[in-house]
Amino acid sequence: MQKLKTSFYAAGLMAMLSAGTAQAVDKAELIAMGKAVYLNKSKGNCVSCHQIEDADATQAGNQGPPIVAMKQRFPDKAVLRAQVWDATVNNPLTIMPPLGKHWILSEQEIDAVVEYVYQF
Amino acid sequence: MKKALIIVAALTLAPTFAAAESFEKAYLKARAMYGQGAVFEWQGNQYVATHEEESEANVDATEANAQMMIDKAKAKNKEVAALGFEWKLTGDILKKAEAAKADGDYRKALDLAAQAKYHARIGIQQYHYAQSNWQLSVPE
Amino acid sequence: MKIIKMMTLSLGVVLATQMTQAADSGFTLATVNPEADRTALQNYFKKRFPESEVQDYVNGIYAVDADSRAQWEEIEEFPPYEFAVEEGEELFNTPFANGKGYADCFENGGVGIRQNFPYWSKEEGTVKTLEMEINECREANGEQPLKWGKGEIAKVSAYMAWTSRDQVFDVKIPEGDTAAMAAYLDGKKFFYAKRGQLNLSCANCHVQGTNIRIRADLPSPQLGHVSHFPVFRSKWGDLGTLHRRYSGCHKDSRSKPLKPQTETFRNLEYFQTYMSNGLVVNGPGARK
């Protein structure tokens, strides 16, 4: 455990650094990717349950709350990310799949979809 | 085997565990909020939120290592299948991992096998969680 | 590692208390009460959809959603399963190579008996479904068994349901038969447990999620689920059995789906049909 801990720490710092750079360079790209994740049935398929003010999100379902006022509802973007990653933490019975915990989406795809919905 | 069971127990019971936040809970929270590589503190020590399988796959991209990771993932998937909780895509991911290995793309093979093994491990957790929590949604 | 070991020790205690709590609420073999389950489920839907009559739940989503009902009633005027029933009747009445037929295998010549399935067979120690007995009948008479999901088996089953329309489901769990009760409990547990990569239980869509849109689709209520099978599904473009639908649903949770007529699915059918006791047979049906 001790040995693992130190190697994890170093790897983590490097990952954070590279993630920071990517974010600065490609925010628009990230949002475009997030939109694709939101709409794609074999990716996030968020549109099946959440309405959103995007003309491309047709026939959205309503099992979950609509994507509105995200900045007010989630002042801390990381809290929103955690909700996408595993919604069962707040409600064990939720119909929402744990997109991160069950590795349905990659960590980057989760970052992307969070960026996309955070605009609304 | 023992280790997997321990982690399952921790995760299953985390919500009812009133005392100090469990390691598993702290780990999942960090990973959920900040993604892979997030650094978090637990009981005075610092840790990095990297899945067990991700660090297992973080080895030299050789054929032997790829094969080892694929074998581990297959074994884990057999375990979850025996419990009746195998996930739909895991078999395909394993096939892709084998194809990547055959193409000499050992890095890709390692990463895919890590994902498959992770899916199998979480499926086992899901099974154990269901055993004690399935009744939560029964109308009373 | 040491820390994790310590944690396990204390967590073990928590697990034990959780289990005692559950034992008081009908979730174990000692306490499970199918009649209470059935009443609770009916009450749940009565509360959710006070306008809907319990007897109408045999019509699935159309019992609770007025908008799609009109569309469906139009479809039912010229039912898409009509030819399948006719073909089923013909298949049913065509003798096997040995001169015998389906009518020789079933009570009352196989007419008007759909409501008696599934049932618990004490001798075999398992749940028997209608489709299972259709194939057993064939094999006993030297014929090849049919494929479970669609085609001939669905047509024969559809004809048998057709001759049983308006008969009331009355699935029994033999008193004092622990194995039968265990099968019921297993089906109930399967229905309510979350599974698959998408972490969905049957109940997520068909209890809590009933009549709430998933994209443009409205999930049906679990009450009345089995009454109208086999079903002509527009999505399939043909007739399919209940277990074909089970496999599809199971797959939709991103689980590796079980095959039709496996023990788990038969137990699920046992549980679900018990939930619909008191409702009538109205198969075959038409669905989206």
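Think of each number as a place in line: the chain as shown, counted from 1.
Every residue, even glycine, has its Cβ placed from backbone N, Cα and C.
Given the structure is predicted, the values throughout are model-derived calculations rather than measurements.
As written in TrEMBL, here are the features:
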ACT_SITE  C:CYS249  active site, cysteine persulfide intermediate
BINDING   C:CYS105, C:CYS137  heme c 1 binding site
BINDING   C:ARG245  substrate binding site
DOMAIN    C:87-166  domain 'Cytochrome c'
SIGNAL    C:1-22  signal peptide
Can you tell me how many other Cβ atoms are located within 10 Å of the Cβ belonging to C:CYS249 (active site, cysteine persulfide intermediate)?
17
Mind looking up the mean pLDDT for the domain 'Cytochrome c' (C:87-166) in the predicted model?
98
DSSP state at C:CYS105 (heme c 1 binding site), helix/strand/coil:
coil
What is the number of other Cβ atoms found within 10 Å of the Cβ of C:CYS137 (heme c 1 binding site)?
21
Take the C-alpha atoms of C:CYS105 (heme c 1 binding site) and C:CYS249 (active site, cysteine persulfide intermediate) and report the distance between them in angstrom, rounded.
31
Between C:CYS249 (active site, cysteine persulfide intermediate) and C:CYS137 (heme c 1 binding site), find the distance joining the two CA atoms and give it rounded to the nearest Å.
28
C:CYS137 (heme c 1 binding site) and C:ARG245 (substrate binding site), distance between Cα atoms, whole Å:
23
Let me make sure I understand the structure: which of the binding-site residues listed (C:CYS105, C:ARG245) has the fewest other Cβ atoms within 10 A of its Cβ?
C:CYS105
DSSP on C:CYS137 (heme c 1 binding site), three-state: which is it?
helix
Structural state census, the domain 'Cytochrome c' (C:87-166) (DSSP three-state):
39 helix, 7 strand, 34 coil
What does DSSP call the residue listed as 'substrate binding site' in the simple three-state scheme?
helix
